[in-house]
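See structure below.
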Amino acid sequence: MFVTLKIKNQLIVFPIITHKKDHSIIMGYDDVIPLLGDFGRYQRRIYLLLCLPAILCAFHKLGNVFLQAKPDHRCQLITELPNASYVLPPDILNASFPYISKTQKYSSCSMLQDNKIVPCEAYIYDDRKYESSTVIEWNMVCDQSYLRALGDALFMLGVMLGSIIFGDLSDRFGRKLIFFISLVVQVIFGVLAAIAPEYWTFTISRAIVGATTSGVFLVAYVIAMEMVGPKYRLFAGVICQMFFSFGYMLTAAFAYFITEWRSLQIALTMPGVVFFCYWWFIPESARWLLTKNRLQESMKLIQVAAKENKVTISNEQLEQLLVGDVKPKDPNEKKATILDIFRHPSLRRRSLIIFFDWFANSMTYYGLSWNTSNLGGNDYLNFVVSGAVEFPAYTFLLFTLNKWGRKTILCGCMVTAGVALLLTMAVPDSQQWLVITLAMIGKLAITSSYGTVYIFSTEQFPTVIRNAGLGAGSTSARIGSIFAPLINLTSEAWKPFPLIIFGILSLIGGCLSLVLPETLNKQLPETIADGEQFGKVKEIPDEEEQHLKTITTEETRDIKNTDKNNTDANNSEKPLNNTKEVNS
């Protein structure tokens with residue numbers, strides 16, 4: 001059977017492959033995309049529009065660095081007014097505050113009163129660096145300093161819950177609808193956070209905003225990637241992350257010029273209103289429509305893309321190509337679950353290493369992103385540099401990931417990050433520039449490894465549990481990001497401590513990953529049996545292989561055609577019917 005298409009005024013004949021037994025069509029949406037153009041004009045236009053919300057999500061994920069900025073502070077003396085200057089003459093400092101020999105500074109949480117050390121009852125803040133923040137307004141310092149870390153942790157808890165909730169909702173009710181619901185909720189609670197009268201209203205509102213970043217960025221990312229052919233998915237995925245990095249850097253610019261924290265929160269939130277107009281420009285995912293057996297609606301969207309890409313295909317021909325994707329599945333078929341990977345030693349070992357890599361990468365990435373104010377020097381400049389190093393990190397992946405292999409890049413980058421961060425504890429206090437340099441090297445390396453672990457783990461799991469495996473990896477990553485601000489809190493005991501912890505985790509993850517099999521240009525595992533055997537030389541016993549295959553054969557048959565493009569070296573997309581997680 002053949003289909004004739006008119007592409008740019010040329011007639012091209014494409015064969016349609018059929019099953020030998022029943023001659024049923026096995027082509028589907030993945031085969032239509034190359035015919036339309038893997039990354040044609042239509043896809044490029046929609047892709048660009050969908051990358052822009054990544055900037056907005058960077059605002060919210062990283063805004064707390066400045067919203068909860070912690071300036072230098074000291075006790076307010078009995079004789080002082082609340083608006084007194086932070087700077088005091090040396091003789092008053094010496095007479096009013098105990099000197100801490102360990103930190104070689106005067107105490108910022110206690111003072112001398114009647115020759116006794118007493119805790120502060122009120123504080124004077126140094127407004128030369130930060131004029132306003134939630135820390136200043138609600139005195140989140142000294143014995144209340146944990147509230148800053150708790151706020152960041154709850155925000156990332158919201159991100160984790162959002163990736164689960166909005167991912168499931170987008171699979172049920174459509175990408176487009178959930179994208180806009182998330183966007184509206186994000187704007188509403190972003191404004192509520194700006195007018196919050198006290199800490200808990202602010203923190204809960206921010207946590208809800210964190211949840212919506214998954215619904216906005218993640219769903220937009222999935223819509224974009226579902227239109228891109230396998231040949232361009234690595235490129236498209238990396239470029240989308242660069243938009244997030246640009247938003248990362250832009251956050252510092254907003255904070256530099258908008259010094260009042262409530263105004264800053266409003267400024268970071270209101271650009272979301274601009275994206276409301278996307279309702280008239282962004283289509284529903286044609287792939288999602290096919291999963292819901294809405295063939296005619298999917299065909300209509302594909303025809304719009306074909307017209308803009310100057311490809312002519314009749315509805316009859318298109319229906320022949322897509323009918324394989326709308327076959328009803330057997331409701332009685334037995335599906336593999338995430339628990340199956342823990343029943344087999346090889347799969348279990350590889351999966352636990354992958355989950356640890358997700359955990360270590362996410363904790364280190366967000367820990368370094370939120371720790372710029374503890375590095376010394378100019379906080380704003382440190383933050384911009386921390387975002388800027390992500391561009392060469394992602395560019396590095398574009399040029400090396402398909403040449404050197406996934407394992408080499410993952411292990412090399414994690415080890416490099418670990419070594420660079422551990423070296424910071426050997427730097428003397430007088431060489432603060434060297435600490436910043438080593439921290440930025442660590443940030444560059446961990447950004448590259450974070451981008452790699454996503455692709456690498458996608459290719460490690462068998463097809464029948466790939467979605468579930470990535471969901472588990474995503475959960476591990478979010479747990480790491482929840483702990484990151486708590487680790488940063490240890491800097492109050494010893495300034496280099498967070499960097500040392502991040503360095504140890506990265507180094508361990510890089511070394512453990514050496515036992516993982518390389519996946520570049522390899523036939524990816526489809527069944528549980530394939531996954532258990534993947535990377536081995538010795539075959540498993542026939543009896544065990546037969547047992548493993550019995551629970552996966554039917555599901556593999558259904559999705560084998562869709563998953564075949566995973567063997568392409570350029571494939572970096574997440575399974576497209578699942579929206580559980582994305583690197584940012």
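Glycine residues also receive a Cβ, built from the backbone N, Cα and C atoms like all the rest.
TrEMBL annotations:
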- 46-63: transmembrane segment (TRANSMEM)
- 46-521: domain 'Major facilitator superfamily (MFS) profile' (DOMAIN)
- 146-165: transmembrane segment (TRANSMEM)
- 177-196: transmembrane segment (TRANSMEM)
- 202-223: transmembrane segment (TRANSMEM)
- 235-258: transmembrane segment (TRANSMEM)
- 264-282: transmembrane segment (TRANSMEM)
- 351-368: transmembrane segment (TRANSMEM)
- 380-401: transmembrane segment (TRANSMEM)
- 408-427: transmembrane segment (TRANSMEM)
- 433-456: transmembrane segment (TRANSMEM)
- 468-487: transmembrane segment (TRANSMEM)
- 499-516: transmembrane segment (TRANSMEM)
- 538-566: compositional bias 'Basic and acidic residues' (COMPBIAS)
- 538-584: region 'Disordered' (REGION)
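Beyond its flanks by at least six residues, the transmembrane segment (351-368) meets 156, 341-342, 386, 410, 414, 417, 421, 439, 442-443, 446-447, 449-450, 453, 456-457, 460-461, 469, 472-474, 476-481, 483-485, 487-488, 498-499, 502, 505-506, 508-509, 512-513, 515-516 of its own chain at Cβ-Cβ distances under 8 Å. Looking only at the domain 'Major facilitator superfamily (MFS) profile' (46-521), the predicted model's pLDDT averages out at 89.
Remote same-chain residues near the transmembrane segment (433-456) are listed as 234, 238, 241, 354, 357-358, 361-362, 364-365, 368-369, 371, 375-377, 382, 385-386, 389-390, 392-394, 396-397, 401, 406-407, 409-410, 413-414, 416-418, 420-421, 423-424, 427, 473, 496, 499, 502-503, 506, 510, 516, 519, 571-572, 574, 582-583 (criterion: CB distance under 8 Å, separation of at least six residues from the stretch ends).
Put simply, of 146-165, 202-223, 264-282, 499-516, the stretch with the most CB pairs closer than 8 A to the transmembrane segment (46-63) is 202-223. Ranked by the number of CB pairs under 8 Å to the transmembrane segment (177-196), the listed stretches 202-223, 235-258, 408-427, 468-487, 499-516 are led by 202-223. Among the recorded stretches 146-165, 202-223, 235-258, 408-427, 468-487, the one sharing the largest number of Cβ pairs closer than 8 Å with the transmembrane segment (380-401) is 235-258. Through the fold, the transmembrane segment (202-223) approaches residues 46, 50-51, 53-54, 56-57, 60-61, 64, 134, 150-151, 154-159, 161-163, 165-167, 169-170, 175-176, 178-179, 181-183, 185-186, 189-190, 192-193, 196, 240, 244, 269, 272, 275, 282, 285, 574, 576, 579, 581-582, 584 of its own chain, all at least 6 residues removed from its boundaries and within a Cβ separation under 8 Å.
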